[in-house]
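Q: Dumping the structure here so I can ask a few things about it.
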Amino acid sequence: MKYTRSEGEMGSEPKWTPWIWRGRRGLQSSPPPPTVLGAAISVGGVQSQSITVDRQMRRYEVPRVAFINKLDRMGADPWKVLNQARSKLRHHSAALQVPIGLEDDFKGLVDLVQQKAYYFHGSSGEKVVIEEIPADMENFVAEKRRELIEAVSEVDDKLAEAFLNDEPISPSELEEAVRRATIARKFVPVFMGSAFKNKGVQPLLNGVLSYLPCPTEVSNYALDQTKNEEKVTLSGTPNGPLVALAFKLEEGRFGQLTYLRIYEGVIRKGDFIHNINTGKKIKVPRLVRMHSDEMEDIQEAHAGQIVAVFGVDCASGDTFTDGSVKYTMTSMNVPEPVMSLAVQPVSKDSGGQFSKALNRFQREDPTFRVGLDAESGQTIISGMGELHLDIYVERIRREYKVDATVGKPRVNFRETVTQRAEFDYLHKKQTGGQGQYGRVTGYVEPLPPGSPTKFEFENMIVGQVIPSNFIPAIEKGFKEAANSGSLIGHPVENLRVVLTDGASHAVDSSELAFKLASIYAFRQCYGAARPVILEPVMLVELKVPTEFQGTVAGDINKRKGVIVGNDQDGDDSVITANVPLNNMFGYSTALRSMTQGKGEFTMEYKEHSPVSNDVQMQLVNTYKGTKAAE
């Protein structure tokens with residue numbers, strides 16, 4: 001599971017607008033969508049946000065086109081931005097358009113491929129008028145078209161052959177060559193315009209269709225759940241079995257609207273589809289194609305299309321098939337949350353909206369959990385890190401208009417035992433009527449490393465010293481006791497409880513008596529088993545410019561991190577480290593300060609590992625102080 005924070009200019013609008021799909025459930029089994037656009041400002045140029053987002057696009061091997069925006073602004077210079085993209089982002093790129101005028105005189109664009117001039121009339125630039133190239137621009141346009149052909153020829157053999165032979169290159173030949181080079185990620189076509197006034201937006205959308213890959217040109221993979229999540233290549237045609245991914249949920253006027261991306265096969269209105277994640281069989285009551293906020297009812301949809309369905313109860317990331325295959329597009333393994341926050345609405349009147357928001361977010365994201373603290377009565381939200389929870393708190397405020405107070409983030413520590421310890425406890429109580437009597441004898445010990453379970457109970461009693469109907473109550477008692485260790489009150493993991501002996505009373509023994517005996521027996525022997533505290537350790541991958549490598553590595557060491565890898569990627573250093581989550585609070589701000597906003601990091605859960613003795617003492621003393629204050 002990864003959550004990425006790209007460090008750019010705080011408070012400023014993004015200089016690039018990427019559509020990047022991150023896998024929420026561990027491994028992402030299908031590649032990100034190919035239609036990725038970058039928007040650079042013609043005045044500000046390529047800035048640190050542009051650099052970090054471009055780095056993500058390279059990591060996910062996404063073909064892209066660039067768009068230089070705001071040509072109507074004072075000081076606009078698209079050629080300066082293009083040169084910056086080549087030097088800072090190392091893009092092999094060239095302009096596909098030339099502006100007709102700049103700043104207040106920006107009137108339209110000349111298409112270098114089709115060799116036509118486009119003018120945008122109307123209040124919103126909605127009327128596109130195509131004319132011949134202005135006479136005073138012909139020489140400049142010819143020079144820029146030659147530059148474009150040269151740039152594409154360097155990465156496309158077919159066009160290079162025609163270029164070297166001095167053959168005339170037709171618009172269709174040049175368009176095909178640009179498409180081949182873009183899909184191969186060897187070239188980035190650059191468009192221009194002013195998005196606010198809709199000047200250049202229509203040619204940009206045409207460019208998405210002309211130069212970026214369609215669904216059948218991309219390899220998509222599913223995970224076969226019958227073969228231990230083995231990768232299966234999907235054909236992307238309507239002929240195969242239905243495979244569709246629910247990638248977005250929306251609260252509509254008529255209930256939950258589920259957006260589906262169809263990877264293979266056909267979905268029809270009235271069909272029965274199977275949710276592989278939940279095992280439920282569902283009928284498709286209504287199928288719609290979305291046009292912004294308008295819906296068009298359709299009878300069927302094929303591979304490559306995005307549609308929406310009503311009345312389907314599912315979570316984001318669920319995969320639907322026709323039942324003939326058991327494929328999922330994302331891994332079924334959901335990691336345990338590593339961080340928690342206490343949240344509560346400021347106003348009691350907004351409790352309904354608050355609950356509605358939390359329920360929806362749980363459906364959207366299986367790594368987001370909601371619970372109730374039994375002692376304080378507070379609502380506790382848990383997730384995969386600080387940024388993850390911050391986003392959901394902000395969404396509660398923005399989407400549901402509920403102001404929430406947020407407690408201090410709490411790292412999900414665990415406790416475990418390190419050696420075997422015996423227990424022998426007799427719970428005896430006389431209350432005038434039927435009493436309570438139960439005795440349990442045995443031992444607790446740590447589970448071997450790599451054990452698939454976190455708690456194991458074994459009954460090794462020979463004979464009927466404890467009637468068999470009380471054994472489940474004893475197991476329940478030990479499980480309940482293990483929910484809260486005595487060091488800092490966190491759950492105890494990797495624990496094996498073995499029951500070897502005990503005693504019962506014909507009248508006074510009951511399930512409650514043996515459950516209580518188990519709880520007290522666990523507390524009695526827990527200290528002798530030398531318990532330790534486990535903290536979540538995160539696998540952190542940083543990508544920073546080489547000049548900041550020493551500063552960043554020093555900061556990781558200060559946070560008690562262990563650097564396990566250091567590689568070079570162009571002008572960037574890639575540092576891999578294992579860092580305790582408890583020391584990663586506020587790291588995004590710190591990294592931004594150290595790297596002038598040019599650094600980025602991803603963080604995923606690795607394991608729970610024992611804390612050092614000084615940290616353990618500090619945590620135990622803090623816990624005792626909190627309990628004493630209560």
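For all residues, glycine too, the Cβ spot is worked out from N, Cα and C.
Annotations in TrEMBL come from automatic prediction, not curation.
Pasting the feature list from TrEMBL:
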BINDING   N69, K70, L71, D72  GTP binding site
DOMAIN    410-530  domain 'Translation elongation factor EFG/EF2'
DOMAIN    532-619  domain 'Elongation factor EFG'
Q: Can you give me the same-chain residues 6 or more apart in sequence from D72 (GTP binding site) with a CB-CB distance under 8 Å?
A: L102, E103, D104, F106, S194, F196, K197, K199
Q: Using a 10 Å cut-off, grab the number of neighbouring Cβ atoms around the Cβ of L71 (GTP binding site), all chains included.
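A: Total other Cβ atoms inside 10 Å, all chains included: 25.
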Q: Sort the residues of the domain 'Translation elongation factor EFG/EF2' (410-530) into helix, strand and coil with DSSP and give the three counts.
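A: Computed counts for the domain 'Translation elongation factor EFG/EF2' (410-530) are 34 helix, 41 strand, 46 coil.
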Q: Among the binding-site residues N69, K70, point out the residue whose Cβ has the most other Cβ atoms within 10 Å, with all shown protein chains included in the count.
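A: Checking each of N69, K70, the winner is N69.
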Q: Over the domain 'Translation elongation factor EFG/EF2' (410-530), what does the predicted model average in pLDDT?
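A: So the average pLDDT across the domain 'Translation elongation factor EFG/EF2' (410-530) works out to 88.
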